[in-house]
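Chemist: Feature list, courtesy of TrEMBL:
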COMPBIAS  74-94  compositional bias 'Acidic residues'
DOMAIN    3-24  domain 'Zinc-ribbon'
DOMAIN    118-253  domain 'NAD glycohydrolase translocation F5/8 type C'
REGION    63-96  region 'Disordered'
TRANSMEM  33-54  transmembrane segment
Amino acid sequence: MICPNCGFENEKDSRFCGNCGARLPEKKSKTPLIIALVIVFVILAAAVIGYFAYDFLSDDKEEVRQEEQQPDTGEAEEEAAGEIEGEVQDEESREEGWQITNVAAPASTGSARELSVAQAMATSVIDQQGYDNSADMVLDGKDETSWQEGVSGDGIGEGISLYFDQEYEVKYIALKLGNWRSDDYYAQNNRPETLKITMGGQSAELSFADLKQEQWIAVDGDCNTSEIKFEIVSVYHGSNPDWDDTCIAEISVYGEEEM
């Protein structure tokens, strides 16, 4: 260490000048400076780490918010695909099966002829002394007779089934709905409003006008069957509350032998 008084260069650890005896100044320690630099470095490092951590967490939160806001397109796409597949299957079913529609009495049934029914059966029949109200009455060709269901109430869910001796391709069905014994009987008894018709492994519902006239159904598509079931879905109520039986006077089926 150089003496500031005489300029003599002393030993590094000397406290007094070896030349003039003057007290040498104490050497300043660098430790506080080093500590200060370390503290500054630590603060800066913490600040940098905090900045990147905040930025990372902010990005995660933003991704979570976006995921919450975005709809589950996977489920939506699956549902849409399912609906489309269902529509395609329904369309294929319609193309492969048959459809029924109300039509006016045709001028001609073409090659279709009235089919002979081997047997008629009903889910229920009203017991009325002096009258036969069985399912056979819809086949006897007489307007004054009819099948009349026999359960309590309007007969919803009741029906009759017609069986043929073989399979036929059905083209037309003609019905006289209600009790046709007279206009008064027609008005007082219930008449079917909607029937569920099952044939050839397929079912469809069809509604009819509340008219005392023969009503025709056209069958479009392939309908090969050996039996037809008619089930009451809804009714037109008769004017007499005591006569709540639903009636069908006649049913005729037209078709061709299965090719």
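Placement of Cβ uses the backbone N, Cα and C atoms for every residue, glycine included.
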Chemist: Is it possible to list how many residues within the domain 'NAD glycohydrolase translocation F5/8 type C' (118-253) are helical, extended or coil according to DSSP?
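Modeler: Helix/strand/coil tally for the domain 'NAD glycohydrolase translocation F5/8 type C' (118-253): 11 helix, 71 strand, 54 coil.
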Chemist: Let's see if you can do this one: DSSP helix, strand and coil counts over the domain 'Zinc-ribbon' (3-24), in that order.
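Modeler: Split into helix, strand and coil, the domain 'Zinc-ribbon' (3-24) gives 0 helix, 3 strand, 19 coil.
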